[in-house]
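Colleague: Got a structure for you, questions after.
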């Protein structure tokens, strides 16, 4: 029997959770294709879904609207299911400039990208888990609707090794090269292998913990062992092991040869069309580029931009949807769309933007028409591929409500008894000075403040103004990358600063119980950022705190403001009635602060290295000035010793601790 989900939690479902779990579970068992969970901020929507997954025991994909929320959900699901496979699948690009052509200035922009190795490994781990086991939860961003390698080709390319298997060393090395692994006898890293006599060490592309040692004797696999790639220490022996390809885009040799023939036929057809229209430059361009790609595919089995030939490599017909992560999800899988009011429109918009750019490339001879099939799913294709779906939002959109026939599962009462924030409207004229006084009240109580503005310029000016008045403030904007954004939110929770200013980045799903005040500047300016849905979501950021409050600065109450305030008061009234009926006293949340992906930074701003965690400054908070000085000297000696031994990560870790102790010394003595 396949492994089942085992939910770990110190809490039992409370508030509206038991009823929501029952309704969602019954709906799925009855075969309902679409259900909507209207869950207010802090009502434990993730815990509700975790219970449904555990009860039904079905592989699940959770779609989030961005990497930050996906990282938060991944962290929470890992806490709930430590014994099961919880995976993370988002775009692995830290930076991505797609191939593009600007006809007006005759400018061709080459594709340029920076790949995050850690996220690439997590993506490979996600598809491996879906292929190997049933107890899988994959937390994904909208990256899940983009083309991925064909699962059939991916499965065919695997290298299966078992003890006692008859295979010579040269055959294993040839197969590893086909899987796009490279030989590197000096630097042993992910996606490489090394050879020492009759021993082959392979560092699997999807692993960050184990490497495989294959010991051969007379063309027979004598022993398979998993070992620590850093220390070389063997951890345990295994009877069999499957080596997965280094990339999702790997293709069997026979399929590549078939694809090359089809590409040649299309090239000839395209050349005729371009010549017939007098496009000599475009004809020369497409011929040169395609012939170079064909040469590379023939010699190496792949080429730069091979995804543009995905129609032929996956054996699909023109216009057919590309293979995506949905093709790896079993037929009885479950789809959970988090913050659906944002995620669903995103899915619909991806195809159109991609298509417009590629049509220009095709028209001017940079790509052949088949490149148009290297694309994200169209919305109707997504609908056809999606299994049974639960939409989750505090403010469900029109689409979700229609799909679930207006029958919504409500989760308004929180297990903690916390009420929705009090909402107050104040005049715009004094908004900045009024905000400053409110921030100071919160800072004294060690509480945090979120401020949302309408423009980037105003956010920058406000941040500068607050800094000049001695407030500890940071500004969250769209230029900040995913990892740094996670770290800023973590630093806010840790109390590194008190105020976070942003524009449209503080709305959905950011889980910060320390935030007791949300200030919405210029709330009476109707528009996308001040719509009913946006206001409800932003107000909800203060709903995880016992003293939660939202201040809307506006000179008039717009329709959106009236609806948002009315809905917040409706929910607050329902929560109060439930609390009084059941004798519940609201309790603040005490949520632990995790390093969401284990790729963030600890407070203090420096990344942790491998090895043991160092003690924090709090460990030495009771030391006298003399003892503290002695401790700093001791740690400095330790730091220099690590550096002398070339253990730079440990040295950096101790350096951070020394810095924290020095700050403590200055503050206290």
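Cβ from N, Cα, C; glycine included.
Straight out of Swiss-Prot:
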- 39, 40, 41, 42, 43, 44, 45, 46: ATP binding site (BINDING)
- 26-414: domain 'Helicase ATP-binding' (DOMAIN)
- 431-597: domain 'Helicase C-terminal' (DOMAIN)
- 92-115: motif 'Beta-hairpin' (MOTIF)
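Provide an account of the burial state, proximal residues and distances for the features listed.
Modeller: Just so you know, the Cβ of residue 46 (ATP binding site) picks up 21 other Cβ atoms within 10 Å once every protein chain is counted.
For the motif 'Beta-hairpin' (92-115), DSSP puts the residue distribution at 3 helix, 15 strand, 6 coil.
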Colleague: Please indicate, using numbers and ranges, the residues of the same chain that are 6 or more beyond the motif 'Beta-hairpin' (92-115) and have a C-beta under 8 Å from a C-beta there.
Modeller: 123, 304-305, 357, 360-361, 364, 366-367, 481-482
Colleague: Using Cβ-Cβ distances, find the residues under 8 Å from residue 40 (ATP binding site) that belong to the same chain and are at least 6 apart in sequence, listing them in sequence order.
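Modeller: Counting only residues 6 or more apart in sequence, the Cβ neighbours of residue 40 (ATP binding site) under 8 Å are 394, 411, 412, 414, 420, 540, 543, 571.
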Colleague: Near the Cβ of residue 45 (ATP binding site), how many other Cβ atoms are there if near means within 10 Å?
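Modeller: Neighbour count, Cβ to Cβ under the 10 Å cut-off: 24.
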Colleague: Let me know the DSSP-derived helix, strand or coil state of residue 42 (ATP binding site), please.
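Modeller: DSSP call for residue 42 (ATP binding site): coil, neither helix nor strand.
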Colleague: What residue among the binding-site residues 41, 43 has the most other CB atoms lying within 10 A of its CB?
Modeller: 43
Colleague: Count the Cβ atoms, other than its own, that fall within 10 Å of the Cβ of residue 44 (ATP binding site), considering every protein chain shown.
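Modeller: Result for residue 44 (ATP binding site): 23 neighbouring Cβ atoms inside 10 Å.
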Colleague: Which residues, same chain and not among 39, 40, 41, 42, 43, 44, 45, 46, have a CB within 8 angstroms of the centroid of the CB atoms at the recorded ATP site?
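Modeller: Other same-chain residues near the ATP site: 48, 394, 411, 414.
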Colleague: For the domain 'Helicase ATP-binding' (26-414), provide the mean pLDDT of the predicted model.
Modeller: 91
Colleague: Under 8 Å Cβ-Cβ from residue 39 (ATP binding site), six or more apart in the same chain: what's there?
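Modeller: Looking at Cβ-Cβ distances below 8 Å from residue 39 (ATP binding site), excluding near sequence neighbours, one finds 20, 45, 48, 392, 393, 394, 410, 411, 412.
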